[in-house]
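Visitor: Here it is, the structure, as structure tokens.
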């Protein structure tokens, strides 16, 4: 088995999908998790206005609505959370996403004061924090807020990680990578786009240039620029196609470097890192 084949197997990627079937699978998955854990009543998800949170949010709202209809339990709720750092430049996109999702509840938690307070505390301790590191602090603060909301509402936190991000390790460890359930896991970026099209989302939600937008000095930095490889190449690789040797080497290098992100804290019995 080649490394490419092994990665495809580990991430559960299909070369060809039926978007409607994948939508149903994700919705049923989200429903089944709550039914298996009757003490859980809500799903919580941060909404940025990009493709991934728009899709995950819509799937979550669909699952919750079906659960309410099937069980008669009105405690089932989906809570969408806006988590800007100060003023978000693309706030209009986030509002479009909320209009598409139509969440049961929408909260806004501005993380700027918490992030800046943490930076001041670190600087007082004698540490100068880089802009890149600050970006990771933002990502982790967003998860602190989501877990606080989930803790108060008997909820579970949804993550937006999908196969194209996972293979590249393109998420913050214990930040956006720290979630309870991943309804998009197995899908490539283009497959996620296909699901949004099937759900009749506004094209602006899936045609927008993907960006983590964490760094103050590089606002709106495109994912593909940060990664040095295009999503088309990543998706082709994950769907089993042949790509350039250079792109394949870069993807596989990111895969190896990001292995620690795909594991719980390393124990003495782990050997994947050796």
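Cβ coordinates come from backbone N, Cα and C, glycine included.
These numbers come from a predicted model, not from an experiment.
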Visitor: Which one of 153, 160, 242 goes with 46, 47, 48, 49, 50, 51, 52, 53, 189, 211 at the ATP site, as Swiss-Prot has it?
Guide: 160
Visitor: Please report the Cα separation of residue 52 (ATP binding site) and residue 261 (deamido-NAD(+) binding site) in Å, rounded to an integer.
Guide: 19
Visitor: If the ATP binders are 46, 47, 48, 49, 50, 51, 52, 53, 160, 189, 211 per the record, what's the largest distance between their Cα atoms, in Å?
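Guide: Largest Cα to Cα distance for the ATP-binding set is 19 Å.
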Visitor: Sorry to bug you, but what's the C-alpha spacing from residue 140 (deamido-NAD(+) binding site) to residue 46 (ATP binding site), rounded to the closest Å?
Guide: 12
Visitor: Sorted by position, what residues of the same chain at least six away from residue 173 (deamido-NAD(+) binding site) have a C-beta under 8 A from it?
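Guide: In sequence order, 260, 261 meet the Cβ cut-off.
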Visitor: Spatially speaking, which of the binding-site residues 48, 50, 140, 180, 211 is closest to residue 165 (Mg(2+) binding site)? Use C-alpha to C-alpha, please.
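Guide: For residue 165 (Mg(2+) binding site), the spatially nearest of the binding-site residues is 211.
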Visitor: Can you count the other CB atoms that lie within 10 A of the CB of residue 52 (ATP binding site)?
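Guide: Taking all protein chains shown, residue 52 (ATP binding site) has 23 Cβ neighbours within 10 Å.
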